[in-house]
Amino acid sequence: MRFIKNHVGSLIAWILIVVISIFMLPNVNQLTREHSTISLPANVQSEVASTIGNHWGHHQNNTYQVVAVFNNQDGAMSKSDQKSVNQTIRYLKRHKSELGIKSMLTPYENSATKKNLISKDKTTELVQLNVSKKKSVSNINKQLTKAVKTDGIRTYITGADILQDDFSGAIQEGIKKTEVISVIFIFIVLILVFRSPIVPLISLLTVGVSFITAFSIVTNLVKNFNFPFSNFTQVFMVIVLFGIGTDYNILLYDRFKANLGNGMDKFEAAKNAQWNAGKTILMSGSSILIGFSALGLARFSVYKSAAGVAVGVAVLLIVLLTLNMFFMTTMGKTMFWPVKTFNGESESPFWRFLSKHSLAHPIIALVLVLAALSPFYFTYQNKLNYDDTAEIADSTPSKQGFLIVQKHFSKGTAEPATLYIKSNHTLDNEKDLKLIDQLTEQIKHTKGVKTVASVTQPSGSKIKKLYVNSQMKTVNNGVSTARNGLGKLSAGSQQMTNGLNSAATGTNQLNSGINSAATGANQLTSGLAQLSSGGNQMTNGLNQLSAGSQQLVNGMNLMSQQLSSQLTGANASQLQQLESGLPQINNGIQQLNSALQSAGTSIDTTGIQSNLQNVASQAQIIGSQLEQAGNTLKSIQGSAGSSSSASLDSVMTQFKAAESQANLNDQQKAVMEGAMQQILSGIQSQIASQTNSQTSELASQLQSVAQNLQTAGNADKSLAGSLQNVAGSASSLQNLNTQVATLKAQVAQLAQASNVALPGAVSALQQLTSGLNQIQSALGQGTNALGQLNTGINKLAAASPQLSNGINSAYSGSQQLSAGMGQLSAGSLQLNTGINKLAQSSPQITNGLNQLNSGLGEGQSYLTGLQKSAAAETFYIPKSVLHSNTFKPAIDNYMSSNRKITKITIVFDTNPSDEKATKDAENISNMARKSLKGTALSNATVAMGGQSSRINDIKNTASGDFVRTAAIMLIGIGIALMLITHSLLQPVYILGSLLLAYISSLSINHWLVGIFMHRSMLAWNTPFFSFIMLIALGVDYSIFLMTRYREIDENKYLPGERIYYACAIIGTVVISAAIILSGTFAALIPSGIPTLIEVAMTVIVGLIILVIILPIVMTSTIYLSYPIRNHVKDNQNKRKD
């Protein structure tokens, strides 16, 4: 029975619960760091941007973005410093897998990184790292901080995730300080209130049990069910539970003490305190529970995370009303040792004074309250600082690195904004890149933007070669060159027209000359045919003559020998032989004479020579007519030379064949061949000279018709060569005629002498000697003559084949000439026709060239104007550049791996956390959506990421959720107050007082923060946390007051009296509770976290204001709400009686 009566079961149960809670408590530090990031609704654009970025690819999915900072505080980095930094970078590359680095961007990779990652003063360099999320941020920070250490260089690891992790760590350290300070402060206050060391220990023990149990429940809910949690959840649970827990314990212990003073035993006193004070605690706690539970309906994660306090309040209420019963029933008066006297409830002179004067002058009291607090309300400026880095101490390494980046680069460099554009099709094409570049240019010209980098401008500036104005400059240069060329063509065309007119005249003359040449060629062919026939006959006769002359020589030699024998022997036999031989000789001489006479007095070379001269004359005429062809016949000269050389080679071959048949010796052959070679060389030189002189002038005018004249020229040259050959042969024949004439004269003389001497030989034997002498003399002369004749005949026979061959070659050449003249005539006619047509069309060509030049001039003027216009500031990328290795790094850096997402990096010229930067980010995002409407990217998802956009989303989400959550909270508390007070007006008065205290404290705190913390703005979450703390906790004091008000007998006292007595009695409890709660919040100040300090200061100021205005407002409004005037004094008199 005693076991139950002393509530020992409660003690055992809570001991077990605490043990289990401690055992089940997860790793709080890790849990806090994992949930330290502020989560926003999935539909806000910074979250959309974050989602898009998580699907970027290029080994950047599920990574932390970290920046390694290398800084030389003494000035620009030296070569030695740079070498050390490069060694560190190489170390990071070698140990990428160990450090979890998925990708990294170093300063010297390309011109863009060099520009963006090296400060202008050369003192600072940055290395951007994407680190896998497989490790915790704190471990990554430790590893990288160690890895980047460089001799002689200050190194830091920073980034949004690193800063957030350090912020979480700072809060954890702050919480430890807060817990210790709170416990010490509460212990001291409770000692002062109860003048006992036991009560403070019991109070701290019960609140400690409730905190451990509640925090274990919350953290396990977070771990297993993703319950809302943030950096502030634990600290607010500590503050609220220790604050209101102590207040509730004071209320409970004070009633228990009063009951003991009233003579109750400890069991009755404990039960009465549990019932009466317990109701107040439950009512007050329920309002707080409702207020913090309403935060569970918030959409903003930070606000929602405060819902864990509701769990703590629920556990606190259970612990206080159960575990305290064990201590009160077990210890009784010992709880308040060493106090011996137990007086009843004490009154608060301060609240009694305020309530009394408010009751006497309610309107004036309200006016004074409004007059005192209105200035704070109207001067309040809701300008908040959303820069979370301000929450971190400047001594933190990540914060130091962040500040160095801001100092040596633009303030926005450390946290640039990123505009993502996600399409349902690939973007690596000219059309989409043009839209992206246009948007890039629009953003660049937006006020507040320092630099913009995109796939078309990876280094933050235009690539000039990819813009139409630069490309138009190249086109204009080409047009200028083309116009200059057209001018030259036009002048050349005019010259060509003049030349064509001259050529037309020349071709007419050429046609006439060619016709004359053709007639002469035909005549030449006919004469050469006759000459060839006569040459053949002459050759046959010469062969016979040569044979006969040889016989004659042999006979003369024989006769000379015989005669010599006769002359020496003088016998009859010899004379008889001589007599018989003389008729033979006479007959031979007569035959020879007859043969010579029948052969004609001479070879008719004169006619042949005359014909050759005529043909040569015709050839000369043709040559003079062809002289106008000029350079065109130069190409013919080679052919002609080759043809003439072939013809001369043929003559030489034929000569050698005839030479072989003549049985000449080697010396004779050599002499004959040398002479023939000189003759042929001269002929060839003459042919070449004549051909060149004939063709030199014609070449300059008739070059275009060279092919048509070539055949005729070749024939003409062959003819000239043949004529020279024949002429040479004719000259040789003329010399033979002279020899033959001499021969014939000698033979005639011989025949005449023979006819005179021989017939009388027989009868004039007596005159034999004389005759023989005469004959010997004649034979000597005959022998000499026959020797000359034989020599001449041999020469004639040797020259005869040459003559025949030359005549045949001439004949063949004349045939080629005739054929060539026909082709030449046809070609000349064609040439004449073509030149005439060309001469007629040439002026049209000149006019066309002039018109084209003029048109190009107009086009160039237009293009020049276009080049200088804004329209030429247009991006255009050729396919060859788009798919080149040069442009590939830009594609890889600013487009996702599937090429469907692109990003535009924006650096603002102000701090990204400033209000101006957040507005700029929102404006740019809206502008981008409008700019892409009606284009190929009109359906693309556009989202702005980065610090500025996130802050803007936090601002909008927090502001909207603040109003929404505050409304829910006020409505919930209002309903609870209605149930507690059984009134509609009193909740309004209470909430009005709380709101007035909140606004005033916020405004006053803004002023205090400026003085003591040198900050121009409050932290962005200070208003919300201050609101929920003041409203939820401040309503406690109102409930304390109104609960006491309702406990006073309404039948015995009027409303004014009841509120007056309630204020006097409960004032002590409220002031004590406010002091304890203020002290608890004051324990947040040493944490060093600006948000916690500001919340603490706001709550403290608010509690002070609430302690002052609550008795005034409630007394005045209740008095004015009920007709109780003039009754207070009567009732006071009755009480005195």
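Each residue, glycine too, has its Cβ placed from N, Cα and C.
Because TrEMBL annotations are produced automatically, they should be read as predictions rather than curated entries.
Packing against the transmembrane segment (7-25) from elsewhere in the chain are residues 209, 212-213, 215-217, 219-220, 319, 322-323, 325-326, 329-330: each is 6 or more residues past its ends and has a CB under 8 Å from a CB in it. If you look up TrEMBL, you'll see 7-25 (among others) marked as transmembrane segment.
Among the features that TrEMBL reports, domain 'Membrane transport protein MMPL' is placed at 53-362 (among others).
According to TrEMBL, the feature transmembrane segment maps to 178-194 (among others).
Per TrEMBL, the feature transmembrane segment maps to 234-253 (among others).
Beyond the ends of the transmembrane segment (281-300), by six or more residues, the same chain brings 40-41, 228, 240, 244, 248, 251-252, 306-307, 309-310, 313-314, 316-317, 320-321, 954, 957-958, 961, 964-965, 968-969, 972-973, 975-977, 980, 1028, 1031-1033, 1035-1036, 1039-1040, 1043 to within a C-beta distance below 8 angstroms of the stretch. What TrEMBL lists as transmembrane segment is 281-300 (among others).
If one looks beyond the transmembrane segment (306-327) by at least 6 residues along the same chain, the residues whose Cβ comes under 8 Å of a Cβ in the stretch are 6-8, 10-11, 13-14, 202, 206-207, 209-211, 213-215, 217-218, 221, 227-229, 232-233, 236-237, 240-241, 244-245, 248-249, 252, 270, 274, 278, 281-282, 285, 288-289, 292-293, 295-296, 298, 335, 1025, 1028. The annotation transmembrane segment is assigned in TrEMBL to 306-327 (among others).
Annotated transmembrane segment per TrEMBL: 359-378 (among others), in sequence order.
Under the heading domain 'Membrane transport protein MMPL', TrEMBL lists 888-1110 (among others). Mean pLDDT of the predicted structure over the domain 'Membrane transport protein MMPL' (888-1110): 89.
Taken from TrEMBL, the feature transmembrane segment applies to 962-981 (among others).
Taken from TrEMBL, the feature transmembrane segment applies to 988-1012 (among others).
Annotation source TrEMBL lists transmembrane segment at 1018-1039 (among others).
Remote same-chain partners of the transmembrane segment (1059-1085), defined as residues 6 or more beyond its termini with a Cβ less than 8 Å from a stretch Cβ, comprise 174, 177-179, 181-182, 185-186, 189-190, 193, 235, 239, 242-244, 246-247, 250-251, 254, 345-348, 350-352, 354-356, 359, 1029, 1033, 1036-1037, 1040-1042, 1044-1045, 1047-1048, 1053, 1092-1093, 1095-1097, 1099-1100, 1103-1104, 1106-1107, 1110-1111, 1114-1115, 1118-1119, 1128. As annotated by TrEMBL, transmembrane segment applies to 1059-1085 (among others).
Under 8 Å from some Cβ of the transmembrane segment (1097-1122) lie the Cβ atoms of residues 351, 354-355, 358-359, 362-363, 365-366, 368-369, 373, 985-986, 989-990, 992-994, 996-998, 1000-1002, 1004-1005, 1008-1009, 1022, 1026, 1029-1030, 1033-1034, 1037-1038, 1041-1042, 1054-1056, 1059-1060, 1063, 1067, 1070-1071, 1074, 1077-1078, 1081-1082, 1085, all in the same chain and six or more residues away from its ends. Annotated transmembrane segment per TrEMBL: 1097-1122 (among others), in sequence order.
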Contact call for the transmembrane segment (962-981) against the transmembrane segment (1018-1039), three or more Cβ pairs under 8 Å = yes
Request  = Tally Cβ pairs under 8 Å between the transmembrane segment (1018-1039) and each listed stretch (234-253, 359-378, 988-1012), then give the stretch with the top tally.
outcome  = 988-1012
